[in-house]
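Per TrEMBL, these features apply:
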COMPBIAS  645-662  compositional bias 'Low complexity'
DOMAIN    512-638  domain 'G-protein coupled receptors family 3 profile'
REGION    643-682  region 'Disordered'
SIGNAL    1-18  signal peptide
TRANSMEM  512-537  transmembrane segment
TRANSMEM  549-570  transmembrane segment
TRANSMEM  582-606  transmembrane segment
TRANSMEM  618-638  transmembrane segment
Amino acid sequence: MRLLLCYMMLLGSSCVISTYGPPQRAQMTGDILLGGLFPIHFGVASKDQDLAARPESTQSGSAVSTAVANLLGLFYIPQISYASSSRLLSNKNQYKSFMRTIPTDEYQATAMADIIEHFQWNWVIAVASDDDYGRPGIEKFEKEMEERDICIHLNELISQYFEDTEIKALADRIENSTAKVIVVFASGPDMEPLIKEMVRRNITDRIWLASEAWASSSLIARPEYLDVVAGTIGFALKAGHIPGFREFLQQVHPKKDSHNEFVREFWEETFNCYLEDSPRLQESENGSTSFRPLCTGEEDITNVETPYLDYTHLRISYNAYAAVYSIAQALQDILTCTPGHGLFANNSCADIKRMEAWQVLKQLRHLNYTNSMGEKIHFDENADLAGNYTIINWHRSTEDGSVLFKEVGYYSMHAKKGSKLFIDKANILWNGHSSEVPFSNCSEDCEPGTRKGIIDSMPTCCFECTECSDGEYSNHKDASVCSKCPNNSWSNGNHTFCFLKEIEFLSWTEPFGIALAICAILGVVMTAFVMGVFVRFRNTPIVKATNRELSYVLLFSLICCFSSSLVFIGEPKDWTCRLRQPAFGISFVLCISCILVKTNRVLLVFEAKIPTSLHRKWWGLNLQFLLVFLCTFVQVMISSRKKSSSIGGSSGSTPSSSASFKTNGNDCDPTSGRHRPRVSFGSGTVTLSLSFEESRRSSL
């Protein structure tokens, strides 16, 4: 909360009243004086004061506590704030004697980011008051948003002193923004001009996320503003019970509290009358204020309804109660300290009659007690109390149309991760009437089967939905990347899941399988028979004339060609998939290279009538074998390279093959995802075809 506050420890034996200062003050004498600063009157002072009269404070927030802390820190006078939440005040190097019973805004900024993440929003507007409360709070909020990859579309500062043109320009930017959630770190006075402009424009489709400074502000929570602010989610300080407070409020009377000018003014405002000796009565007689009758003094405070007497949800008041009782407990610890068990040099104790301010500060820093609600009171290393927030939702009363603050959850700052935030969504009314969570994202959700794609020059929260590639899938909304299917699976048409590849192969028992096997075996047998004849009659002139050594290699390659076709029959295995292409390709190239060399030899024989020594030198047997080796070596290298690519590469771009069968476009081992050379039958003839680098899409 930005409203002031601090308590000051002033030590003395009697009450000394300064002649300077406001005439309205509450004071009592005593051995130890506790000085308190409280905002009593609400109003907006002019920002250009001419000092013709006593100047009014133009700062209703943590800035006042900051100014006081700078002064009191010089003398180590303890200052306990019940409502100054600026995180800058946690700097103990600068504010040595500052303590507080309200959570720091650093926790509130984290809680706000957690709520935005909870509702899966990623596109918001941030508005902060231009002071020591709003600026540090929104800076922490920005950091939390960056860590969660949530984007802030607009980041604006606001002040109660803005000109109308500035307010209208801000309202224009908010109205034109696609973000529907507005996070506000500001006080009620700073927010009121903007809310008025939003009401004038009837902008009712925004959700406000309110910091505790205005989450329950009576200045904003008005029926005439509800069309705009209904459904606001706000952070409220934890309420507490103050023993005896109700009875105290019911006994308030100006005759009993003549030393307290605030009670006298409260009485006049509650019963709309003036006390006889009231300075406001003189103002009324002079015509500067409206006329009111005199108070009789017999008015009954228990028969009136006033928000000042609402003791059921004490939040700021409970913090003030905790601050006063912390000081009282520290004094009690000093009074009851046993020598040898104190906090000072040589475990000594402070003398309650001659104690100094720094000794009270020391005792406060080591304070540890249980209050009337059973809560442990202990200040941490930053002199802050551990606290929690109550999350409220602004509802419209069905009875009189007023604002109701409905508790819908809580935020526990020191709970373990994942348990800090609790929200009962069923009790939330968005925009005052809807139970559906509003949409405040830069882009629509990407459906399963797609992924988020980057849009140039746009924040990361703004994206386009890109369909997953073949062989990839996404099974949830807003997937950042598509996952690859396993090697034995393929993505469905919508790319939302993977299914096992259906394996179809040429069986040994199928007609085509039997025919291919018979032809291959006959080819092997017949070739082997011819090769045996050549070996048997290797020294005969006719065998020698056929270039017998090269003929042996040719016949061997034919046997390999026929044998390799058998590997294409039967269920694919890992070793068969690895063997098919290299075996067939190498044996086929070996055969073709032998035929090529033999053909060239015959051509040379016909062209050269008498072989010259040059022909014999360059076209001898060694050269022929060298050419066959080179051609075959090239094919071996190609097969090795393709094999490596098949093993290490993706299944979407690999060599393809089949043998009159298919495995969903892939006939090899279901775990490898590779394509092999294709052997097919047609019109009673055997045709051989070889294809490389055939993409998965084209093969389908």
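Keep in mind that glycine also has a Cβ here, set from the backbone N, Cα and C atoms.
These figures come from a predicted structure and were not determined experimentally.
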### Message
Under 8 Å between C-beta atoms and at least six residues away from its ends: which parts of the chain pack against the transmembrane segment (549-570)?
### Response
505-508, 513, 516-517, 519-521, 523-524, 527-528, 530-531, 534-535, 543, 576, 579-580, 583-584, 586-588, 590-591, 594-595, 597-598, 621, 624-625, 628, 659-660, 676, 679
### Query
Taking all residues of the domain 'G-protein coupled receptors family 3 profile' (512-638) together, what is their mean pLDDT?
79
### Tertiary contacts of the transmembrane segment (582-606), as residues 6+ beyond its ends and Cβ separation under 8 Å
547, 550-551, 553-554, 556-558, 560-561, 563-565, 567, 615, 619, 624, 627-628, 631-632, 634-636, 638-640, 643, 677, 688, 690
